[in-house]
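Asks: One structure follows; several queries about it will come next.
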């Protein structure tokens, strides 16, 4: 029998295996090219075990989001991914009226996603057809007819739409049937929604065929509309009425998308069989696709059958921009109202949850995420458009002009930049005002054991205090996003009102729209405040566009750049395709089974998840000839969510042989509050009861925080906190007099950096770990021993006699940290907004 196994699972940013294992040399021992397992080796490639002889292994899943060069282009899909993830942030319904509200919000989310697809298609037309084809190439006196140039530009724009739809359509390889594992006893959904322990969350068609075809058709219809508008303006009689066919088809697509529900049946609020509805949706998608292709071909034929001179603005462009702006503003506004009603209707259920686990922004996180995704989409497309216009102007030959409405977008982004700058100044002032209090908190945290003062030099105490203070900024993220959403909605409604009134960018709108939609001065006129704001907004949009290009260029050339850039996908691509079909495939349906399979192999038990393709899973039944007695799954950051789901799908009979250590985890900070249906507090409480679980966190972690404890206080010289197993009572904590770790039940607060001697002669203090490097902490081996039950006295809570090597002594229960009394600890339990 082999020794026990420590299986580490990394978090976001695709941490390299060598860093995970603390080894200069590693070797892949299992897995494929995406889900990989590594062990440390020496220079000759021989396996190296831990000091006590146990097997050290790293489960690496980062290549699912940053493995190939093409994944660098996923940067363009980030707005789609954020809106898609918003579906899973909706407050869970309870009664029948709330189910209907939930369904309405899902329909609005799909509508917003369709508008985003139209936005990117329109941006492609704006750059390729309008700026490059109509305004630049057609006016340069090329020995090619202008109609050929315009027809080629329309075809290129259509190909860009098709390319965008295929960018995230990659083959994930093996498919798994989660239903083969049988029903789970943990992680079930409710109110008709599947949970992480239900096969319906994972099973389904990963290609979203119906939605993909509908969105692709919508993009092609936008191109067709513009081509037919050009032909109609040039005098093609049949194009004058035929151009309304793409508009009617677009309305039909929007209706089908909104009414079809979730084609993958992952977020449906009804348990009835929807196979018939799904078949009709697929039929409608096929028909619409054929009609969209026919409309595009007719548009190209219409352009080729007439003479176009490229004079003035591209016909139909201003109308398309205005209609899309109005549609997007209306859809997002209705979504915000719908989510607000759903949040209000389910507020009673949220109030029953302990405060640190309550929903972000009182249940409005889905609306906030959608609004931010739309703002990023508008910002990136507008920035790329302005950048293309600037580049074509510099190339000479003629001046190109962007749509007049883009001037209002520039003003809105200028106002946003000013508001953000003001918020930054206020935040900086508040941080400076409170830095002394955080220095005192850092000094208190570093004072323990027999020494009367901090165990770090004064300069490092200041640094730790600043790190603790910056780590608290994550608590203000909901407020910042809510403020940005409100500001963006107000500006968008003002732009829509100005467009609806038919006012051009050079006209002064009525108050109060005039304050929110500034206009530039006429050529030669005096510079006004509106000009300054518009210029600032254009610089902001150009920076976004240039940044997008540079980031994509770096991601295409370097895997390291892709790892950093695709952090967003590490978070949002866990969730299945539901709202937007262009997003990359969800890695959860592949990574979770791979981790389950590896744990089962170590334990020598059959894998409970079957391959959907038996021929592709020839090794599914492989059994370890030397099974390990136990496996400790040590998961960091996003890996804590992946490992949680994997533990749910393990056979129940092996739970007593599996231990769980999470560190730098956002299970409470992000997932329980942002995705309340899928990671509820009840699931975390059940996991704490079903598995031996130790959670580690740091006060300097800018991303994560405590999971199973909160309300860390000092009263009467004692350290107290609330625990997830009994939220009603404050219970005593224990302070390690050697390392300063604070034990709050099954959760430990680790000091960062680990204090040494004041002279820095026996332990160098080189950096603040923050969110990384937890396994280098001196308390890491003890955490492994405690979670394996090798330390007497329960799970290291301070109960029982002192244990040699555990750091417990006569001062185990006193004095309290910092000697303060009656004060609340500076933890990460504040709810924000």
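Yeah, the Cβs are placed from backbone N, Cα and C, and that goes for glycine too.
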Asks: Given the ranges 280-304, 505-529, 555-579, 580-604, which one is assigned the annotation transmembrane segment in TrEMBL?
Replies: 280-304
Asks: From the ranges 190-215, 450-475, 476-501, 606-631, pick the one that TrEMBL records as transmembrane segment.
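Replies: Residues 476-501 are the ones TrEMBL records as transmembrane segment.
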Asks: If I go by TrEMBL, the feature transmembrane segment sits on one of 7-27, 28-48, 49-69, 532-552. Which?
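Replies: Going through 7-27, 28-48, 49-69, 532-552 one by one, TrEMBL gives transmembrane segment for 532-552.
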Asks: Are the transmembrane segment (324-345) and the transmembrane segment (111-136) close enough to be called in contact, which here means at least 3 C-beta pairs under 8 A that are separated by 6 or more residues?
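Replies: Per Cβ check, the transmembrane segment (324-345) touches the transmembrane segment (111-136).
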Asks: Considering only the recorded stretches 111-136, 148-167, 280-304, state which has the highest number of Cβ pairs under 8 Å to the transmembrane segment (366-391).
Replies: 111-136
Asks: Against the transmembrane segment (218-235), which of these stretches has the most C-beta pairs under 8 Å: 111-136, 148-167, 241-259, 280-304?
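Replies: Comparing 111-136, 148-167, 241-259, 280-304 against the transmembrane segment (218-235), the winner is 280-304.
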Asks: State the residues, same chain only, that lie 6 or more residues beyond the ends of the transmembrane segment (532-552) and have a CB under 8 A from a CB inside it; answer 'none' if no residue qualifies.
Replies: 72-73, 75-76, 379-380, 382-387, 390, 407, 409-418, 518, 520, 561, 565
Asks: Counting only residues 6+ away from its ends, which parts of the chain sit with a Cβ under 8 Å from the transmembrane segment (72-90)?
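Replies: Same-chain residues near the transmembrane segment (72-90) but 6 or more away: 65, 102, 105-106, 109, 112-113, 116-117, 120, 164, 167-168, 262, 267, 339, 342, 360, 365-367, 369-370, 372-374, 376-377, 380, 548, 551-552, 554-557, 561-562, 565-566, 568-569, 571-573, 575, 577-580, 582-584, 674-675, 677-678.
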